[in-house]
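Below you will find the structure I want to go over with you.
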Amino acid sequence: MSEYVLQARNLSKTVAVADQQLCILHELSLSLKPGDSLAIVGRSGSGKSTLLGLLAGLDLPSSGEVLIAGQSLAPLDEDQRAALRAREVGFVFQSFQLLDSLTALENVMLPLELKHRKDARQRARDLLQQVGLEQRTGHYPRQMSGGEQQRVAIARAFAAEPHILFADEPTGNLDSQTGERITDLLFELNRAHHTTLVLVTHDERLAQRCARQIRLEAGHLTEQS
Amino acid sequence: MMQQWWFLARMAWRQSLREARSPELYTLFFAMLVAVASSSTIAHFAERLHLAMELRASEFLAADLVVSGSIASSPELIEQGRQLGLSTAHTVEFASMLASDNGMQLATLKAVDDAYPLRGSLGSSATVQGEISKGGRPAPGEAWLDAQLFDLLQIRPGDMLEVGAARLRASRVLTDEPDRAGGFAAFTPRAMINLQDLPATAAIQPGSRVQYRQLWRGDSQALQSYRDTLQEHLQPQQKLESLADGNPTLNQALERARQYLGLASLAAILLASVSIALSAGNFAGKRYDHAALLRCFGLSRRDTLLLFLQQLLLVGLVASVLGIILGWLAQHLLFATLADLLPADIPPAGGSAALTALLTGLASLLGFGLPPLMGLGQVPPLRVLRRNLQPMPVAGWLVYLLALITLGLLMWRLSLDPQLTTTLLAGGVLAALVLGLLVYSGFKTLAGQLVERRLVWRLGLGHLLQKPLLAVGQSLAFALILFAMALIALLRGELLSNWQAQLPEQAANHFAFNILPDERDAVSDWLHRSSPSVAHFYPMTPGRLTHINDQPVLERLEPDSRALSTVQRDLNLTWSQDLPDANYLADGLWWSDDDADGETIDISMEQELAERLQVVPGDRVSFNIGGQIIHSRVHNLRTVDWGSMQPNFFVIFAPHNLPALPHTFITSFYLPAEQAGELRSFSQQFPAVSLLRIDAILNQLRDIMAQVTLAIEFILLFVLAAGISVLLAGVQSTLSSRIHQGALLRALGGERRLLQAINRHEFMTQGAASGVLAWLACELTSYLLYQRVFDLPWHFHPWLAILPIIGALLVLAAGHLGTRSVYDSSPMRLLRGS
């Protein structure tokens, strides 16, 4: 077993635009140990989300390799990658991405049910309690505020006890006060669950709270701290 | 104003070009294409089939239009017809004595010119019972006799005989005469000669009873204009005959065929309209942002709506033109495929079929597509800042009213039968309301049960239940597809077989009449020995209807009344204690012994004749029967199934109080073709009895049924195509939320199998629910149709229980086809916010 929970080796991503090849990410490498927290910062279009997608196995690189828990993603097909994500990875998205047809409780149960966990309902209740939404379990996303929806999304992200949590602009759609509270919650749970956190953000203050930061500019890693 | 309109039109055009590949425009385009192509094919096909059927039917007149009477048409009148481009033929019919070396016989003689017949053909054989060949006519110096005459005169084909003063060769056996089967006017043995030999026979003398017939054929416009000319110049001794007032048996068959086709077409167009409504909804839903932006830039509400409306119309027009071409090609293909089964010279349909299809398509587009589009004019400009702002929904009643009016117009255009239209409209609205409520409460109950269900059920049905009203609407739309298909299957299978059951294999193919009362038992014994099916023996006497409520009937009728032809000739009258088979009471009760008051003579009149004569139960009607005046009272009205191939009568007397009248008997019977030879011994044993073969009309009826069946099967294909387009449009309307759900489940680790299972659960549940709805609606509608329109007994259809299964499979298949992109959707969408 590798000491790294997440590794990227010489990751490049090129896409064809009209008759040209556009390089979005260029030869990028990084490694994270369990419990690490990494902020990816950069301007719009610098390749942050692309990198996050590649690291989480949502997309495949043009060249290079990603390893999650020592397992290379390259030889896996989409279903095998999905199984790996179900086991190892959690997500928090900028636009919450809750399913409108499910209640708050059912949304949190979702990743647990994908892992066929018998205690899905109870565990989802506990998590909703941890994020302060024990009174809203039966509510649908459209009946909740943005901040509440993001708290449900955070509860869902931690539900399946992932080793790595990917967060894409988790406070991007929230006002600063609510954003602050969501950030506190995120880091609190991260510590409690000893999860590796990778987050993409514009927000320098949020980035500062991570142990490491990298800055992307036109697909190149320009700064690492 | 005009300038602004033009500006918007150009903008709509540019917009359409830019958006040419957007999926919802694509779906709308295809929905319109299917709607117009199917209605164009159906309109073309139905019109050509109708023409073909009328062509067939006009063979029974041997022409399209006939002027008949005791005087010949004047040369000027004939010339006028020729100038209109019509072709003509002339026949002269009279009674004459034929003589051979072995005997003499009174026969009906028909002299025909070289153009006769204009429609259909004569059938003849070289020997009695020999092989029948079609075509030709007697050449000068020849006579064609029916088999009975050869027998009665004891001669053989090729022998000479005397026709009046002329000596002619009896060259062939006359087997089929197209214009003979129409009625029972000519019940005596028949012979045919060439018109050139007529003067030589010297059979026509002043005072002879002669019927001159001038036959006409040509296109319907010229015929109509000639008919108008004739109406002005027709002499009192002459009358017009055309298909409409010709043969009631065929008219009834043609009318039913037209109704079946109309119903089937309606189903296809209804489905295509649903597809248009769904795609227009998708189209509008995707353009709220666009509309908000235009509103924000200063476009008025009216202009915003106009812009999108023009875009919709543009797409509709392009699709319509393509659809018409496709429909035209499709019906050519169909006719080519069915070449063996249809008559060879089917006239092409006129431009009206294309116009009908275009108008139908545009009416559907506006009636069903406009309501969802209305929202685009209502989008608040603030939506550019707050995307969740939805336009004010268009008032529900307006949407439904518009759709209902369009539906009514389409139905009216297609079926032209107010009763059928109302039945269907009322049934449709009632069914939609009741079934909609049913499925809504069903889904609500299901929602309550879902909490403890498995994930695939929760996600699959959760998607459905998220917007229960949309789910209800979609289920109703899917149900409509199944309903339409089941109804067509029902029409094609059950109604047609019901109809055909009235013409069983052993339907009578011969009439026997002029049976003298003292021969009745002997004839009956003979027939029952040889035939498996013999009808009742009805007494028959000719009589003329003279007065209605003491007013001479000719004074009572308008000069152009269709009843004139009925009252100007002798009617065949009968009497019966019981209501004959294939007769149904329409107004009043059948008589019983209690009605015998010792004075009143009751009659039962055929309903259509009573309507033409403006007679109701209780009216007094007088007849001249062999010089004896009979005053009667109308006791009841009856409808008659003219296709029953039994002796049928316009007027039936109640036997009580009726004085003794001179009469003979009539019956019909079935004789298998291989036993036809036995008729020879029958004729020898009962020389006075006349026989009439009616195989020709039976075969004609069977042909019409076969064609209608084929047409309905063909239309079923279109209904299926329209149905699939509805399903795809329905699935497309929920595609973006499915893709989103798919991408999220992928990101969270869900496998492709899971996504497929979720969709499977949803589609199958919805399909099955739609199937149940369709089943209920189909039973309800068939009940109404059977009871109110077709006058057939209704029964429960257990085989319709297959509908929920078909529904589940059909929606699953279309759903699978329409949602393939869901399984391939990249979870990266979630990060890109698309």
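Placement of Cβ uses the backbone N, Cα and C atoms for every residue, glycine included.
The domain 'ABC3 transporter permease C-terminal' annotation in TrEMBL covers B:263-374. Under the heading transmembrane segment, TrEMBL lists B:260-284, B:305-329, B:349-373, B:394-412, B:424-447, B:468-491, B:710-731, B:763-786, B:798-819.
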Tell me whether the transmembrane segment (B:798-819) sits in contact with the transmembrane segment (B:710-731), defined here as at least 3 Cβ pairs under 8 Å among residues 6 or more apart in sequence.
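Yes, the transmembrane segment (B:798-819) and the transmembrane segment (B:710-731) are in contact.
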Along the domain 'ABC3 transporter permease C-terminal' (B:263-374), what average pLDDT does this model show?
78
Using Cβ atoms only, state whether the transmembrane segment (B:424-447) and the transmembrane segment (B:710-731) have three or more pairs under 8 Å that are 6 or more apart in sequence.
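Answer no: the transmembrane segment (B:424-447) and the transmembrane segment (B:710-731) share fewer than 3 Cβ pairs below 8 Å.
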When DSSP states are grouped into helix, strand and coil, how many residues of the domain 'ABC3 transporter permease C-terminal' (B:263-374) land in each?
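The domain 'ABC3 transporter permease C-terminal' (B:263-374) comes out at 92 helix, 0 strand, 20 coil.
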Within the same chain, where does the transmembrane segment (B:763-786) have neighbours whose Cβ lies under 8 angstroms from its own Cβ atoms, ignoring anything closer than 6 residues to its ends? I mean 6 or more beyond.
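Distant contacts of the transmembrane segment (B:763-786): 423-424, 426-427, 430-431, 435, 438-439, 442-443, 460-461, 464, 471, 474-476, 478-483, 486-487, 490, 792-794, 796-797, 800-801, 803-812, 815-816.
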Would you say the transmembrane segment (B:260-284) and the transmembrane segment (B:349-373) are touching, if the rule is that at least three C-beta pairs must lie under 8 angstroms and be 6 or more residues apart?
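By the criterion, they touch.
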Near the transmembrane segment (B:468-491), which same-chain residues lie under 8 Å Cβ to Cβ, leaving out any that are not at least 6 residues past its ends?
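Hits for the transmembrane segment (B:468-491): 260, 263-264, 267-268, 270-271, 274, 277-278, 432, 435-436, 439-440, 443-444, 447, 712, 715-716, 719-720, 722-723, 726-727, 730, 733, 766-767, 769-771, 773-775, 777-778, 781-782, 797, 800, 803, 806-807, 810-811.
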